[in-house]
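Asks: Quick one: structure below, then a few questions.
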Amino acid sequence: MTDIQVILVDEHDNPVGTLEKLEAHRQGLRHRAISVYLFNPAGELLLQRRAQAKYHCGGLWSNSCCGHPYPDETALDAAERRLGEEMGVHAHLHKLFEFSYCLELPGGLIENEYGHIFAAVDDQPPHPDPEEADDFRYITLADLEMEMAAAPDRFTPWFRLCYPALNAHLREHGGLTAL
């Protein structure tokens, strides 16, 4: 993770500088991020369990992948790159919406992110990088909602926050058929 730079942004996603990724999380500075939600043709969402060795939220279930654009990279390019790096999948992603949040994480870190949310429907089998994800599974949205209600601490804080916005967006825009 050393020397990976993130794009610091204002409340409208205008770049205002760059900073090393861990330092941005230590200081809680707003930065650009991406989140990807990959569905299979049956409409099930691909979840990953973050590798235990991750610097935060290891062992928790989360969206298909997430990350940060490099300073010279678009959000879409970053989303495609991270999906390939984390899950070994190369899919045609669609940008759905943008979503800002600020969350305190264990270890004194702060996720202050201006997130670009992408989704796709694809039938490629995942091949996760074990340094990123130590498990994966597909789940129906109904089962996911029951699990999140019963055991929210098994999921990453940002996923618990963003998932309802994703679900609302899909309902308002024709579901997965729009992807």
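Each residue, glycine too, has its Cβ placed from N, Cα and C.
Heads up, TrEMBL stuff is auto-annotated, nobody curated it.
Sharing the features that TrEMBL gives for it:
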- CYS66: active site (ACT_SITE)
- GLU113: active site (ACT_SITE)
- HIS25, HIS31, HIS68, GLU111, GLU113: Mn(2+) binding site (BINDING)
- GLU86: Mg(2+) binding site (BINDING)
- 29-161: domain 'Nudix hydrolase' (DOMAIN)
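Looking at the shown structure, can you explain where the listed features end up?
Replies: Counting only same-chain residues at least 6 apart in sequence, those with a Cβ under 8 Å from the Cβ of CYS66 (active site) are ALA33, ILE34, SER35, VAL36, ARG82, TRP158. According to DSSP, CYS66 (active site) is assigned to a strand segment.
Using a 10 Å radius centred on the Cβ of GLU113 (active site) and all shown protein chains, the other Cβ atoms total 25.
Cβ neighbours within 10 Å of GLU86 (Mg(2+) binding site), excluding its own Cβ and spanning all shown chains: 24.
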Asks: Does HIS25 (Mn(2+) binding site) have same-chain partners at least 6 apart in sequence with Cβ under 8 Å from its own Cβ, and which are they?
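Replies: The list for HIS25 (Mn(2+) binding site) reads HIS56, LEU105, LEU109, ILE110, GLU111, given in order along the sequence.
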Asks: With an 8 Å cut-off on Cβ-Cβ distance and a minimum sequence separation of at least 6, pull the same-chain contacts of HIS68 (Mn(2+) binding site), or say none.
Replies: ILE4, VAL6, ILE7, LYS21, HIS31, ARG32, ALA33, ILE34, ALA78
Asks: If you count Cβ atoms within 10 Å of the Cβ of GLU111 (Mn(2+) binding site), leaving out that atom itself, what do you get?
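Replies: Taking all protein chains shown, GLU111 (Mn(2+) binding site) has 23 Cβ neighbours within 10 Å.
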